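This report concerns only the one structure given below.
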């Protein structure tokens, strides 16, 4: 995943909740710092589960981040000497995120995006499929199904312990109280 200096590219870390996406993003950011490269980390303001100003994995690892409202804010805040831009929870950003990550990569910077590829219905989530399509590197991670123990590729939303209905809102920020990892077979989305 390392190319020549001054050649930008996009890396995506994707999969369901509890698969280690933020943990992997944090690991890559730490390696960048060890290599003495300048890095900036961003996250959407809406992601305030564990911290307002850190990317935090479910296992407690954290890395400082700038919370932003809109993808355009990333372009306004990037410093000229920044070599690597890391973006967590990319699925929550507006349509402009695709143009933003392409612009940054085209300027010779490494872009690392982490986010859910599917929503709780098992459908493509936000603009993540678009980012995945233009990325040079895609790392799809799995969790463990909380029902059967098989590899989990989906996120099950639970409302009062029961699967959320298909027509429930797509965005509901939460953690263990409302979501769990499931495999294809154990993932349930009632139509009614």
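Cβ coordinates are placed from backbone N, Cα and C, and glycine is handled just like the others.
Some features that Swiss-Prot has for this protein:
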BINDING   15, 16, 17, 18, 19, 20, 21, 22, 88, 89, 90, 91  ATP binding site
ACT_SITE  89  active site, proton acceptor
BINDING   145, 148, 183, 186  Zn(2+) binding site
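Everything Swiss-Prot records as a feature, shown here on the structure.
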residue : record              : DSSP (3 states)
15      : ATP binding site    : coil
21      : ATP binding site    : helix
88      : ATP binding site    : coil
145     : Zn(2+) binding site : coil
183     : Zn(2+) binding site : coil
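If you measure from the Cα atom of residue 17 (ATP binding site) to that of residue 186 (Zn(2+) binding site), you get 15 Å. A 10 Å cutoff on Cβ-Cβ distances gives residue 21 (ATP binding site) a total of 29 other Cβ atoms nearby, all chains included. Among the binding-site residues 21, 88, 90, the residue whose Cα lies closest in space to that of residue 183 (Zn(2+) binding site) is 21. Between the CA atoms of residue 15 (ATP binding site) and the residue listed as 'active site, proton acceptor' there is a gap of 11 Å, rounded to the nearest whole number. Here the binding-site residues are 17, 148, 186, and the one with the most other Cβ atoms within 10 Å of its Cβ is 17.
For the recorded positions 89, 145, 148, 186, a Cα to Cα distance of within 10 angstroms from residue 21 (ATP binding site) holds for 89.
The number of other Cβ atoms within 10 Å of the Cβ belonging to residue 88 (ATP binding site), over all protein chains shown, comes to 26.
Here residue 145 (Zn(2+) binding site) is compared against the recorded positions 19, 88, 89, 90, and the shortest C-alpha distance is to 19. When the Cα atoms are compared, residue 89 (active site, proton acceptor) and residue 19 (ATP binding site) turn out to be 13 Å apart.
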